[in-house]
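Shown next, in structure tokens, is the structure this report addresses.
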Amino acid sequence: ENGPRLLVVAEQAKIFSHRGGNVTLPCKFYHEHTSTAGSGTHKIRVKWTKLTSDYLKEVDVFVAMGHHRKSYGNYQGRVFLRESSENDASLIITNIILEDYGRYKCEVIEGLEDDTAVVALNLEGVVFPYSPRLGRYNLNFHEAQRACLDQDSVMASFDQLYDAWRSGLDWCNAGWLSDGSVQYPITKPREPCGGKNTVPGVRNYGFWDKEKGRYDVFCFTSNFNGRFYYLIHPTKLTYDEAVQACLKDGAQIAKVGQIFAAWKLLGYDRCDAGWLADGSVRYPISRPRKRCSPNEAAVRFVGFPDKKHKLYGVYCFRAYN
């Protein structure tokens, strides 16, 4: 009881990275009033978990005790301890995926003593609203999850939506977030969107039944390991012709998440409307100009045209090996 107390410290509370990168989540442990890492009487156990958005559940990431090491789920083969010193419990995550975003808890246990520190992993990326061909307010929570995954993205968290709102995202349709809430960001209050006399902000509809609630969704994506491009083709194409044209060029028809990532993170700018994998037609404008989104930089949405009869260009994506 009178011995030195175990302390766990994260030197940084927030770490930034991107999809495909490597990152170190800092964590060190000490004994109060001493400079030693451990008392030597008990083995040190280090456990890393990921906190869910409501903090009610933790997902196992990595455990180390003595020579024993174990990683879990999709972290297997991608996580290990840095161990630059005997008191270093920092976690290295390699080949970061979109699902890695979130808060992580470092717990160190020695005998009856334990302490924890929390580190947030933020990813550089872009939040975008998404609704399917069926139209607005047609997705329950689980369908919204799949819709984002299908478009090379994941459901956005509240923090990601809030950051996007601070960067100017204004969208009047309510959408699911990863914590099961339904919200939407307003920078220009107006009558159909909460009322013109309200203040700008992220409007919150609260938590809805994940099976019965029907809304749009806010997705999040980051950079990609590949090339996004508009296919130069002698003629305009139907949807099926567009799919085949990308395949013939050694690529796949691009997804909605990929056009948003190319626009936001790479400054991609093209005034030609083109097919995307979900059957929508869009084009990315980074430099607003006459006839090409004159008022704002945006990924412009043309709609979901008739796949068999309407003719457009196509955006393709070729992944790097």
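One-based numbering along the chain as shown.
Placed from the backbone N, Cα and C atoms, the Cβ positions cover glycine too.
Taken from TrEMBL, the feature domain 'Ig-like' applies to 4-122. Per-residue pLDDT, averaged across the domain 'Ig-like' (4-122), gives 90.
For the domain 'Link' (126-221), the DSSP counts in helix, strand and coil order read 19 helix, 30 strand, 47 coil. The feature domain 'Link' is assigned by TrEMBL to 126-221 (among others).
Marked as disulfide bond by TrEMBL: Cys172-Cys193 (among others). Cβ neighbours within 10 Å of Cys172 (disulfide bond), excluding its own Cβ and spanning all shown chains: 15.
According to TrEMBL, the feature domain 'Link' maps to 226-318 (among others).
The disulfide bond annotation in TrEMBL covers Cys271-Cys292 (among others).
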Round to the nearest Å and give the CA-to-CA distance linking Cys193 (disulfide bond) with Cys271 (disulfide bond).
29
Among the disulfide-bonded residues Cys193, Cys271, which residue has its Cβ surrounded by the fewest other Cβ atoms within 10 Å?
Cys271
Please give me the CB contact count at 10 A for Cys292 (disulfide bond), counting all chains in the structure.
14
For the domain 'Ig-like' (4-122), what are the DSSP-based totals of helix, strand and coil residues?
6 helix, 61 strand, 52 coil
Calculate the distance in Å between the alpha carbons (Cα) of Cys292 (disulfide bond) and Cys172 (disulfide bond), and round it to a whole number.
22
The correct DSSP tally for the domain 'Link' (226-318) reads 21 helix, 30 strand, 42 coil
